[in-house]
Amino acid sequence: MNIQQNLSVIQSNISEACKKKNRKPEDVKIIAVTKYVSTETAEDAVKSGVEHIGENRPEGLKEKYEVLGDDVTWHFIGSLQSRKVKEILPYVDYIHSLDRLSLAKEIDKRADRVINCFVQVNVSGEETKHGMLAEKTLSFVDNMKEFPNIRIVGLMTMAPHSEDEETLRSVFSTLKQLQNDIQSKHYEFAPCTELSMGMSNDYEIAVQEGATFVRIGTSLVGKEF
Ligand SMILES: *Cc1c(COP(=O)(O)O)cnc(C)c1O
């Protein structure tokens, strides 16, 4: 795995996608998802210029944080059990998987600072997917005013496993539309300026549709286990 080379390919693909839509490439940040690789490989990624790391398990986050520390920005991207919240809070900069009221309550209660959260939305409505349904998101975000330690920085989604470009595009553009709806409320606790969408197979489409964070594992750092 030549991470440096992978990163430069991904960066140039992102630039191309931005060019098509008159976006600035610097508005798209790359999260290296290291859940399938060792801490050593995550270190290599950081040496290659990665500034954001994403993990989907509390254990993985903790293990890698202990070596890499605050040199990078930490993203928790996996589904989060309420009883695990207190384990990850010391390490995270962003939580991408806020999807229910009970979780918001727990984060707010345990946090000693304001936590940047993405609301995870299940745009496609597939039952196997985590996240809340799109039509519930607006009222959920409104409820977040009760929680002083939660800031809704944006929305996150995972697209269905599909090769069909139009299917993917419509999922991403639905999330963008939802973001516009939330932003029009001008909530102080929910600036909602970010969109976390796009993975190894679909990040170029996601960037064309407005992603500000892409979460890339396999095609950046590979898969070791
Ligand atoms: C694993 C994972 C990714 C990265 O997936 P790749 O296809 O390997 O790029 C992105 N987001 C979430 C939530 C994940 O769990």
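Counting starts with 1 at the first residue shown.
Each residue, glycine too, has its Cβ placed from N, Cα and C.
Just so you know, TrEMBL annotations are computer predictions that nobody has curated.
The average pLDDT the prediction assigns to the domain 'Alanine racemase N-terminal' (6-222) is 97. The annotation domain 'Alanine racemase N-terminal' is assigned in TrEMBL to 6-222.
The N6-(pyridoxal phosphate)lysine annotation in TrEMBL covers LYS35. In sequence order, GLY54, GLU55, ASN56, ARG57, GLY60, GLY78, GLY217 make up the list of same-chain residues 6 or more apart from LYS35 (N6-(pyridoxal phosphate)lysine) whose Cβ falls under 8 Å from its Cβ.
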